[in-house]
(Lines of atoms letter the chains of each structure in order from A and count residues from 1; the text may use other names and numbers.)
(Lines give C-alpha, C1' and ligand atoms only; values in the text may rest on other atoms or scores of the structure.)
Protein backbone atom coordinates (compact mmCIF):
# COMPACT_ATOMS: atom_id res chain seq x y z
CA UNK A 1 0.00 0.00 0.00
CA UNK A 2 1.30 3.46 -0.86
CA UNK A 3 1.76 6.20 1.68
CA UNK A 4 0.61 9.42 0.06
CA UNK A 5 2.20 12.70 1.16
CA UNK A 6 0.16 14.90 3.44
CA UNK A 7 -1.59 17.73 1.65
CA UNK A 8 -4.14 19.87 3.43
CA UNK A 9 -6.37 22.48 1.82
CA UNK A 10 -6.39 25.68 3.82
CA UNK A 11 -10.19 25.69 3.87
CA UNK A 12 -13.00 23.58 5.27
CA UNK A 13 -14.97 23.20 2.04
CA UNK A 14 -14.39 22.85 -1.68
CA UNK A 15 -17.14 24.95 -3.24
CA UNK A 16 -15.45 25.87 -6.50
CA UNK A 17 -12.23 26.41 -8.41
CA UNK A 18 -12.66 30.16 -7.95
CA UNK A 19 -10.45 31.18 -5.05
CA UNK A 20 -8.09 28.21 -5.29
CA UNK A 21 -4.47 29.19 -5.80
CA UNK A 22 -2.17 27.52 -8.33
CA UNK A 23 -0.21 25.79 -5.51
CA UNK A 24 -3.46 24.41 -4.05
CA UNK A 25 -4.54 23.06 -7.44
CA UNK A 26 -1.14 21.52 -8.11
CA UNK A 27 -1.08 20.04 -4.61
CA UNK A 28 -4.41 18.31 -5.24
CA UNK A 29 -3.23 17.03 -8.62
CA UNK A 30 0.00 15.69 -7.12
CA UNK A 31 -1.95 13.92 -4.38
CA UNK A 32 -4.36 12.51 -6.96
CA UNK A 33 -1.38 11.04 -8.84
CA UNK A 34 -0.66 8.95 -5.75
CA UNK A 35 -4.23 7.69 -5.71
CA UNK A 36 -4.04 6.74 -9.40
CA UNK A 37 -1.22 4.38 -8.41
CA UNK A 38 -3.19 3.07 -5.43
CA UNK A 39 -6.32 2.45 -7.49
CA UNK A 40 -4.39 0.28 -9.92
CA UNK A 41 -3.28 -2.06 -7.14
CA UNK A 42 -5.16 -5.08 -5.84
CA UNK A 43 -5.47 -3.50 -2.38
CA UNK A 44 -7.06 -0.09 -2.93
CA UNK A 45 -7.81 0.98 0.64
CA UNK A 46 -6.51 3.83 2.81
CA UNK A 47 -7.72 4.71 6.27
CA UNK A 48 -7.91 8.51 6.14
CA UNK A 49 -11.69 8.53 6.64
CA UNK A 50 -12.00 5.47 8.89
CA UNK A 51 -14.77 6.15 11.40
CA UNK A 52 -15.99 9.17 9.42
CA UNK A 53 -19.39 9.55 7.77
CA UNK A 54 -19.78 10.87 4.23
CA UNK A 55 -23.26 11.78 2.97
CA UNK A 56 -23.81 12.16 -0.77
CA UNK A 57 -26.76 14.52 -1.15
CA UNK A 58 -27.77 14.78 -4.80
CA UNK A 59 -30.75 16.97 -5.67
CA UNK A 60 -30.03 16.24 -9.35
CA UNK A 61 -29.77 12.72 -10.71
CA UNK A 62 -26.23 11.55 -11.43
CA UNK A 63 -24.67 8.20 -12.11
CA UNK A 64 -20.98 8.76 -12.71
CA UNK A 65 -20.36 11.61 -10.26
CA UNK A 66 -22.26 10.07 -7.36
CA UNK A 67 -20.73 6.63 -7.97
CA UNK A 68 -17.27 8.18 -8.22
CA UNK A 69 -17.65 10.03 -4.90
CA UNK A 70 -19.08 6.90 -3.26
CA UNK A 71 -16.16 4.78 -4.42
CA UNK A 72 -13.67 7.49 -3.40
CA UNK A 73 -15.11 7.70 0.10
CA UNK A 74 -15.21 3.94 0.59
CA UNK A 75 -11.62 3.51 -0.61
CA UNK A 76 -10.60 6.02 2.06
CA UNK A 77 -12.48 4.02 4.69
CA UNK A 78 -15.55 6.24 5.17
CA UNK A 79 -19.07 5.10 5.95
CA UNK A 80 -20.88 6.43 2.88
CA UNK A 81 -24.60 7.15 2.73
CA UNK A 82 -26.35 8.11 -0.51
CA UNK A 83 -29.41 10.24 0.21
CA UNK A 84 -32.16 9.86 -2.37
CA UNK A 85 -33.84 13.25 -2.69
CA UNK A 86 -36.68 11.66 -4.65
CA UNK A 87 -37.77 9.89 -1.47
CA UNK A 88 -36.81 12.63 0.95
CA UNK A 89 -38.57 15.37 2.85
CA UNK A 90 -37.52 17.82 0.13
CA UNK A 91 -40.25 16.35 -2.04
CA UNK A 92 -42.68 17.04 0.77
CA UNK A 93 -41.86 20.74 0.88
CA UNK A 94 -38.85 20.89 3.20
CA UNK A 95 -36.56 23.82 2.38
CA UNK A 96 -32.85 23.52 1.64
CA UNK A 97 -32.07 25.20 4.97
CA UNK A 98 -34.27 22.74 6.87
CA UNK A 99 -32.58 19.86 5.09
CA UNK A 100 -29.16 21.26 6.01
CA UNK A 101 -30.10 21.66 9.67
CA UNK A 102 -31.57 18.15 9.80
CA UNK A 103 -28.45 16.62 8.29
CA UNK A 104 -26.22 18.70 10.55
CA UNK A 105 -28.00 17.26 13.58
CA UNK A 106 -26.92 13.79 12.40
CA UNK A 107 -23.28 14.94 12.66
CA UNK A 108 -21.82 13.82 9.32
CA UNK A 109 -18.17 14.62 8.67
CA UNK A 110 -18.42 15.34 4.95
CA UNK A 111 -21.34 16.35 2.75
CA UNK A 112 -21.04 15.94 -1.02
CA UNK A 113 -23.80 18.01 -2.60
CA UNK A 114 -25.19 18.46 -6.10
CA UNK A 115 -28.02 20.95 -6.65
CA UNK A 116 -29.82 22.41 -9.65
CA UNK A 117 -29.54 25.99 -8.36
CA UNK A 118 -26.33 28.01 -8.61
CA UNK A 119 -25.10 28.98 -5.15
CA UNK A 120 -27.20 26.42 -3.28
CA UNK A 121 -24.18 24.40 -2.15
CA UNK A 122 -22.47 27.49 -0.72
CA UNK A 123 -25.67 28.38 1.14
CA UNK A 124 -25.90 24.89 2.61
CA UNK A 125 -22.23 24.99 3.63
CA UNK A 126 -22.90 28.04 5.81
CA UNK A 127 -25.54 26.10 7.76
CA UNK A 128 -23.58 22.96 8.65
CA UNK A 129 -20.55 22.19 10.79
CA UNK A 130 -18.92 19.62 8.50
CA UNK A 131 -16.85 19.74 5.31
CA UNK A 132 -18.86 20.35 2.14
CA UNK A 133 -17.82 19.41 -1.39
CA UNK A 134 -19.60 20.91 -4.39
CA UNK A 135 -20.49 18.12 -6.83
CA UNK A 136 -22.09 20.64 -9.21
CA UNK A 137 -24.45 23.56 -8.61
CA UNK A 138 -26.59 24.81 -11.47
CA UNK A 139 -24.51 26.46 -14.18
CA UNK A 140 -22.06 27.76 -11.57
CA UNK A 141 -19.23 25.30 -10.85
CA UNK A 142 -18.18 21.65 -10.86
CA UNK A 143 -14.72 21.79 -9.25
CA UNK A 144 -13.84 18.09 -9.14
CA UNK A 145 -14.62 17.73 -12.86
CA UNK A 146 -12.16 20.52 -13.66
CA UNK A 147 -9.54 18.93 -11.41
CA UNK A 148 -9.92 15.50 -13.02
CA UNK A 149 -9.74 17.09 -16.47
CA UNK A 150 -6.55 18.90 -15.47
CA UNK A 151 -5.05 15.67 -14.14
CA UNK A 152 -5.92 13.88 -17.38
CA UNK A 153 -4.32 16.64 -19.46
CA UNK A 154 -1.19 16.79 -17.33
CA UNK A 155 -0.66 13.04 -17.42
CA UNK A 156 -0.92 12.97 -21.21
CA UNK A 157 0.79 16.24 -22.14
CA UNK A 158 3.21 16.54 -19.24
CA UNK A 159 2.06 20.08 -18.48
CA UNK A 160 -0.86 22.49 -18.64
CA UNK A 161 0.96 25.81 -18.91
CA UNK A 162 1.23 27.01 -22.50
CA UNK A 163 -1.28 24.55 -23.95
CA UNK A 164 -4.15 25.72 -26.14
CA UNK A 165 -7.45 24.26 -24.94
CA UNK A 166 -10.64 24.66 -26.98
CA UNK A 167 -13.82 24.32 -24.90
CA UNK A 168 -16.62 23.69 -27.38
CA UNK A 169 -20.40 23.54 -27.27
CA UNK A 170 -23.02 24.55 -24.73
CA UNK A 171 -20.91 26.96 -22.69
CA UNK A 172 -23.97 28.90 -21.51
CA UNK A 173 -25.44 26.10 -19.40
CA UNK A 174 -22.17 24.40 -18.43
CA UNK A 175 -20.75 24.44 -14.91
CA UNK A 176 -17.96 22.25 -16.28
CA UNK A 177 -16.93 25.01 -18.69
CA UNK A 178 -16.80 27.65 -15.97
CA UNK A 179 -14.68 25.54 -13.60
CA UNK A 180 -12.35 24.43 -16.38
CA UNK A 181 -11.84 27.97 -17.65
CA UNK A 182 -10.95 29.16 -14.14
CA UNK A 183 -8.55 26.28 -13.50
CA UNK A 184 -6.85 26.31 -16.89
CA UNK A 185 -6.39 30.07 -16.75
CA UNK A 186 -4.87 29.79 -13.25
CA UNK A 187 -2.36 27.19 -14.46
CA UNK A 188 -1.33 29.18 -17.53
CA UNK A 189 -3.19 27.54 -20.41
CA UNK A 190 -4.55 29.49 -23.35
CA UNK A 191 -8.31 28.90 -23.37
CA UNK A 192 -10.74 29.29 -26.24
CA UNK A 193 -14.49 28.88 -26.11
CA UNK A 194 -16.24 27.76 -29.28
CA UNK A 195 -20.02 28.01 -29.57
CA UNK A 196 -22.87 29.71 -31.40
CA UNK A 197 -23.79 33.12 -29.97
CA UNK A 198 -26.95 31.67 -28.40
CA UNK A 199 -24.87 29.29 -26.26
CA UNK A 200 -22.32 31.83 -25.01
CA UNK A 201 -22.89 33.58 -21.67
CA UNK A 202 -22.85 37.36 -21.61
CA UNK A 203 -19.43 38.70 -20.65
CA UNK A 204 -17.56 35.45 -21.27
CA UNK A 205 -14.63 37.54 -22.58
CA UNK A 206 -14.07 38.78 -19.02
CA UNK A 207 -12.85 35.29 -18.09
CA UNK A 208 -9.72 35.81 -20.19
CA UNK A 209 -10.73 33.48 -23.01
CA UNK A 210 -10.73 33.78 -26.78
CA UNK A 211 -14.22 33.56 -28.24
CA UNK A 212 -14.80 31.71 -31.51
CA UNK A 213 -18.12 31.16 -33.20
CA UNK A 214 -16.93 28.53 -35.66
CA UNK A 215 -15.24 25.20 -35.06
CA UNK A 216 -12.90 25.82 -37.97
CA UNK A 217 -11.21 28.81 -36.33
CA UNK A 218 -11.66 27.61 -32.77
CA UNK A 219 -9.89 24.28 -33.26
CA UNK A 220 -7.02 25.64 -35.34
CA UNK A 221 -3.79 24.52 -33.66
CA UNK A 222 -5.49 23.35 -30.45
CA UNK A 223 -3.70 20.88 -28.14
CA UNK A 224 -6.88 19.81 -26.34
CA UNK A 225 -10.44 19.74 -27.66
CA UNK A 226 -12.92 19.63 -24.79
CA UNK A 227 -16.49 18.99 -25.92
CA UNK A 228 -19.50 19.90 -23.78
CA UNK A 229 -22.86 18.17 -23.62
CA UNK A 230 -25.77 19.99 -25.22
CA UNK A 231 -27.99 20.45 -22.14
CA UNK A 232 -31.39 20.48 -23.73
CA UNK A 233 -33.08 19.89 -20.37
CA UNK A 234 -31.97 23.40 -19.32
CA UNK A 235 -33.18 25.06 -22.51
CA UNK A 236 -36.57 26.77 -22.24
CA UNK A 237 -36.36 28.44 -25.65
CA UNK A 238 -34.93 27.85 -29.10
CA UNK A 239 -31.18 27.98 -28.59
CA UNK A 240 -30.41 25.91 -31.70
CA UNK A 241 -32.38 25.42 -34.96
CA UNK A 242 -32.17 21.62 -34.74
CA UNK A 243 -29.93 18.87 -33.41
CA UNK A 244 -28.99 17.91 -36.96
CA UNK A 245 -27.88 21.44 -37.80
CA UNK A 246 -26.03 21.77 -34.49
CA UNK A 247 -24.01 18.64 -35.20
CA UNK A 248 -23.26 19.83 -38.72
CA UNK A 249 -21.69 23.06 -37.48
CA UNK A 250 -20.55 22.29 -33.93
CA UNK A 251 -20.37 18.52 -33.56
CA UNK A 252 -16.84 17.14 -33.42
CA UNK A 253 -16.11 14.74 -36.24
CA UNK A 254 -12.86 13.56 -37.80
CA UNK A 255 -12.86 16.31 -40.42
CA UNK A 256 -13.15 19.12 -37.85
CA UNK A 257 -10.59 17.47 -35.56
CA UNK A 258 -7.99 17.76 -38.33
CA UNK A 259 -7.99 21.52 -37.69
CA UNK A 260 -6.34 20.87 -34.33
CA UNK A 261 -2.73 19.78 -33.89
CA UNK A 262 -1.92 16.26 -35.14
CA UNK A 263 -1.35 15.12 -31.55
CA UNK A 264 -4.43 16.88 -30.17
CA UNK A 265 -6.46 14.99 -27.59
CA UNK A 266 -10.24 14.89 -27.17
CA UNK A 267 -12.15 15.14 -23.90
CA UNK A 268 -15.79 15.11 -22.81
CA UNK A 269 -17.14 15.31 -19.23
CA UNK A 270 -20.00 12.92 -20.01
CA UNK A 271 -22.59 11.78 -20.46
CA UNK A 272 -22.09 12.04 -24.20
CA UNK A 273 -24.75 12.66 -26.80
CA UNK A 274 -23.28 10.75 -29.72
CA UNK A 275 -24.20 12.33 -33.01
CA UNK A 276 -25.06 15.62 -31.29
CA UNK A 277 -21.84 17.12 -29.91
CA UNK A 278 -19.44 14.34 -30.87
CA UNK A 279 -19.19 11.60 -33.47
CA UNK A 280 -18.64 8.03 -32.29
CA UNK A 281 -15.54 7.67 -34.46
CA UNK A 282 -13.91 10.50 -32.50
CA UNK A 283 -15.28 9.54 -29.08
CA UNK A 284 -13.91 6.01 -29.46
CA UNK A 285 -10.82 6.95 -31.46
CA UNK A 286 -7.13 6.91 -30.62
CA UNK A 287 -7.09 10.59 -29.66
CA UNK A 288 -9.89 10.25 -27.10
CA UNK A 289 -9.22 10.55 -23.35
CA UNK A 290 -12.86 10.13 -22.36
CA UNK A 291 -12.50 6.76 -20.61
CA UNK A 292 -9.35 7.91 -18.84
CA UNK A 293 -11.25 10.90 -17.47
CA UNK A 294 -13.57 8.52 -15.62
CA UNK A 295 -10.61 6.75 -13.99
CA UNK A 296 -9.02 10.06 -13.00
CA UNK A 297 -12.32 11.13 -11.42
CA UNK A 298 -12.06 8.59 -8.61
CA UNK A 299 -8.44 9.52 -7.86
CA UNK A 300 -9.17 13.26 -7.82
CA UNK A 301 -12.17 12.85 -5.53
CA UNK A 302 -10.09 10.72 -3.19
CA UNK A 303 -7.50 13.52 -3.14
CA UNK A 304 -10.13 16.16 -2.35
CA UNK A 305 -11.69 14.08 0.43
CA UNK A 306 -8.27 13.22 1.84
CA UNK A 307 -7.10 16.84 1.83
CA UNK A 308 -10.29 18.12 3.46
CA UNK A 309 -10.36 15.30 6.00
CA UNK A 310 -7.10 16.52 7.49
CA UNK A 311 -8.95 19.62 8.70
CA UNK A 312 -11.40 17.48 10.67
CA UNK A 313 -10.99 17.33 14.47
CA UNK A 314 -8.59 14.60 15.64
CA UNK A 315 -7.58 13.74 12.06
CA UNK A 316 -4.11 12.38 11.38
CA UNK A 317 -2.05 15.32 10.24
CA UNK A 318 -4.90 17.69 11.07
CA UNK A 319 -4.25 21.35 11.65
CA UNK A 320 -5.85 22.76 14.76
CA UNK A 321 -6.99 26.36 14.88
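Every residue, even glycine, has its Cβ placed from backbone N, Cα and C.
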Further binder of carbamoyl phosphate named by Swiss-Prot next to 64, 65, 142, 145, 270, 271, taken from the candidates 40, 107, 114: 114
Length of the line joining the Cα atoms of residue 142 (carbamoyl phosphate binding site) and residue 175 (L-aspartate binding site), in Å: 6
Other same-chain residues whose Cβ falls within 8 Å of the Cβ centroid of 64, 65, 114, 142, 145, 270, 271, the recorded carbamoyl phosphate site, in sequence order: 62, 68, 135, 136, 176, 269
Sparsest-packed among the binding-site residues, when each Cβ's other Cβ atoms within 10 Å are tallied, from 64, 114, 142, 175: 64
For residue 145 (carbamoyl phosphate binding site), nearby residues of its own chain (Cβ under 8 Å, 6 or more apart in sequence): 65, 136, 175, 176, 179, 180, 269, 297
Among the carbamoyl phosphate-binding set 64, 65, 114, 142, 145, 270, 271, as the record gives it, the longest Cα-Cα distance in Å: 16
Integer Cα-Cα distance in angstrom, residue 270 (carbamoyl phosphate binding site) to residue 229 (L-aspartate binding site): 7
